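S.K.: Pasting the feature list from TrEMBL:
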- 101, 103, 108, 147: Mn(2+) binding site (BINDING)
- 103, 108: oxalate binding site (BINDING)
- 28-40: disulfide bond (DISULFID)
- 54-188: domain 'Cupin type-1' (DOMAIN)
- 1-19: signal peptide (SIGNAL)
């Protein structure tokens, strides 16, 4: 009996150490001073401004792929610390696309604010889940899976991504890393759904 109690104690102890702890206070405003190792701002110094981020209505500079991204995470919005959420706005020129990438620490819900997109992800078995999404549609990208977006509309489009992590991270993957079968499956989906083979190949090659 004593041995069973000890084993149970060890299991419970290991489980409590391995799990992510819940916040022990209402909020924790991140301290951005790199020379300070205090994790949270003194609560007596916290103001409503610590919980406000301005500028998400602006479009950033477009990259060579026709995409402009504004990320809002704990690195530029200290009030997100311990809240388990962050977001990003992505604007796309006509024909603009997001190169294949993944967020290792978060599931992402992507909402189309404006425009028409061909969006999807690839699971660990190299199965492609992709579909045309339009204004008001939401697609969920499971955590850690490679995904992509392409503006296939006739005007600039905008996506809003919401993550269940204060700092979801981002890993980029060159298209050459995917086998021909995956690329062909993507192109076949585009051919079948959009009849826009030329535009799709320009984005995924």
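Cβ from N, Cα, C; glycine included.
No curator has checked TrEMBL annotations; they are predicted automatically.
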S.K.: State the Cα to Cα distance, in Å, between residue 101 (Mn(2+) binding site) and residue 28 (disulfide bond), rounded to an integer.
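M.R.: Taking the Cα atoms only, residue 101 (Mn(2+) binding site) lies 30 Å from residue 28 (disulfide bond).
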S.K.: Per DSSP, what is the helix/strand/coil residue tally across the domain 'Cupin type-1' (54-188)?
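M.R.: In the domain 'Cupin type-1' (54-188), the DSSP-based counts are 15 helix, 59 strand, 61 coil.
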S.K.: Within a 10 Å radius around the Cβ, which one of these binding-site residues has the most neighbouring Cβ atoms: 101, 103, 147?
M.R.: 103
S.K.: Residue 108 (Mn(2+) binding site) has how many other Cβ neighbours within 10 Å of its own Cβ?
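M.R.: Within a 10 Å radius of the Cβ of residue 108 (Mn(2+) binding site) lie 23 other Cβ atoms.
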S.K.: Take the Cβ of residue 28 (disulfide bond) and count every other Cβ within 10 Å, whichever protein chain it belongs to.
M.R.: 21
S.K.: Where residue 147 (Mn(2+) binding site) and residue 40 (disulfide bond) are concerned, what is their Cα separation in Å, rounded?
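M.R.: Here the two Cα atoms lie 34 Å apart.
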S.K.: Determine, to the nearest whole angstrom, how far the Cα atom of residue 103 (Mn(2+) binding site) is from the Cα atom of residue 40 (disulfide bond).
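M.R.: If we compare the Cα positions of residue 103 (Mn(2+) binding site) and residue 40 (disulfide bond), the gap is 25 Å.
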S.K.: Tell me which residues of the chain lie with their Cβ under 8 angstroms from that of residue 40 (disulfide bond), as long as they are six or more apart in sequence?
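M.R.: For residue 40 (disulfide bond), the qualifying residues are 25, 28, 29, 30, 31, 81.
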S.K.: Given the Mn(2+) site residues 101, 103, 108, 147, which other residues of that chain have a Cβ within 8 Å of the mean position of their Cβ atoms, reported in sequence order?
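M.R.: Neighbours found: 102, 121, 141, 145, 146, 161, 168, 170.
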